[in-house]
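J.: According to TrEMBL, the domain 'Phosphatase 2A Regulatory Subunit A helical' annotation covers 89-270. For 12-50, 166-204, 205-243, 244-282, 283-320, 326-364, 365-403, 404-442, 482-520, 521-559, 560-589, the entry in TrEMBL reads repeat 'HEAT'.
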Amino acid sequence: MAGADSDDSLYPIAVLIDELRNEDVQLRLNSIKKLSTIALALGVERTRTELLPFLTDTIYDEDEVLLALAEQLGNFTMLVGGPEYVHCLLPPLESLATVEETVVRDKAVESLRKISHEHSPVDLEVHFEPLVKRLASGDWFTSRTSACGLFSVCYPRVSSTVKAEIRQHFRTLCSDDTPMVRRAAASKLGEFAKVLELEYVKSDIISLFTALASDEQDSVRLLAVEAGVSIATLLPQEDLEALVMPTLRQAAEDKSWRVRYMVADKFSDLQKAVGPEITKNDLVPAFQNLLKDCEAEVRAAAANKVKEFCENLPEDSRETIIMTHILPCVKELVSDTNQHVKSALASVIMGLSTILGKDNTIEHLLPLFLAQLKDECPEVRLNIISNLDCVNEVIGIRQLSQSLLPAIVELAEDAKWRVRLAIIEYMPLLAGQLGVEFFDEKLNSLCMAWLVDHVYAIREAATCNLMKLVEKFGAEWAQNTIVPKVLGMANDPNYLHRMTTLFCINALSEVCGQEITTKHMLPVVFKMSNDQVANVRFNVAKSLQKIGPVLDSNCLQTEVKPVLEKLASDQDIDVKYFAQEAISVLSLA
């Protein structure tokens, strides 16, 4: 019996070994995903002595299996006996951190970072820190790139001697021969700086930052920009000008557009990090240059930041800076040759009106908005329309309405259905801003036209749009303007349009309430139960099920029930099915 017991206890590991050696990748993947169950069955001691060595020795698999393993091991602390044994997980993760596939290495580093917090300070020095050193001085660049992500998690919790060694290793990796390693070091430089003592930030990190920011590879230089922003947040104001700004100024004029793009992309963060004085003296001219950059990608990234940049300018000089330095560049971008640049600007330019106030908006911004509403690119017009609420708050929508209408009409009839869809989604917002008379006069017919669009997604969105409009303008408005038009479609020769009538009734019954539904909409639904097309008839059954809860019980029994019973004996199988379902849901049986 004892023998049988021990055989039983070996069973899970035997199955795992079989499955891990199976030729089918999917089976191997499934067995890795069940690792925690297997570890539970084995118990903590055997997991440490058998399972982990086995896993460490068999790491030579497909990338997706290794990825799953790297992820699993990050959650294994309790399965090996808790924090005091957590170092047992280091060998397999160390192997995974050196493999060729980047996503596997990244996941192994993520798991190592996670379990580093579960090491006691002593274990961290005895087990974890040596692993970091081994990776940092490994022969393969893969292990050295992985090491870069581990310095910041162990640095704060080790003794000063070990700290000095860690700083030295990081310095070495920053000047590694392989660009991939320098890239990894540059990407972790800001994070590492955050855990260092200020004196070492000044003595070590600044020189590394300067070196990486002038690396021969632009992929390294652009990552140094991000690090520069992090470093700027750590230094006292008086050190910024001398230690960080020369390098960042150089980056903003780098010969590679990718580096300049990165500066533009991080501009708001940089502005917050360096404070108002440096912003006025250094960042305003740099931002102007980025807005005028010769590469469209850089101009677009800078255009995207216009509103944020202006919002964060020091209050006492905000208006002057915008009017004299930023607005002239913005005016040029409105007629840029590249549509991505114009589109990026259109998504933020409306926000300037709240910063500049009514008079400036009317005099300087309004002509720009109107020009963009006439732009040939639908994206630009759409971005302006979707941000109208900012301008509405400052000057009211009337000023824009004359130019707004042609732009809306063009977008509403745009050949690309996604553009039509986007404008439908803004309709309730626009309607609320323009008011009911303007809406009825100019936009109502558009909303009805969408109901018969040839694309189903548009018809569906148009139905939903009607419901939101009724919520805005009220049931009485619906009864006078919308309901008659919707019900008129019930006689349309195209059965798809007749079905749209039913979908609209479903949506409108909720917001219009019992009286309008019973008096105006229900008779039309009943009439449509005799439609020649089976699709229309079964949608009648579905509509009656949907609007049933709005109706009173007398109407349900005397009017709805007979119609559903008639449909329940229809020749068409689908019509029967939906009618019977409606009868049971509405409890009319």
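Keep in mind that glycine also has a Cβ here, set from the backbone N, Cα and C atoms.
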J.: Sequence-remote contacts (6 or more beyond its ends) of the repeat 'HEAT' (326-364), Cβ cut-off under 8 Å?
T.: 284, 287-288, 291-292, 296-297, 299-301, 303-311, 318-319, 371-372, 375, 377, 379-381, 383-384, 386-388, 390-391, 393-395, 399
J.: So what pLDDT does the repeat 'HEAT' (482-520) average out to?
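T.: Mean pLDDT for the repeat 'HEAT' (482-520): 84.
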J.: Could you pull out which residues elsewhere in the chain have a CB under 8 Å from any CB of the repeat 'HEAT' (283-320), counting only those six or more residues past its ends?
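T.: Cβ under 8 Å, 6 or more out: 249, 252-253, 257, 260-261, 263-265, 267-268, 270-272, 274, 276, 326, 329-330, 332-333, 336-338, 340-341, 343-345, 347-349, 351-352, 355-356, 360.
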J.: Which sequence-distant residues neighbour the repeat 'HEAT' (166-204)? Criterion: at least 6 residues beyond either end, Cβ under 8 Å.
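T.: Same-chain contacts beyond the ends: 129, 132-133, 136-137, 141, 144-149, 151-152, 154-156, 158, 211-212, 215, 217, 219-220, 223-224, 226-231, 234-235, 239, 243.
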J.: Just to be sure I understand, if DSSP states are collapsed into helix, strand and coil, how many residues of the repeat 'HEAT' (205-243) fall in each?
T.: 33 helix, 0 strand, 6 coil
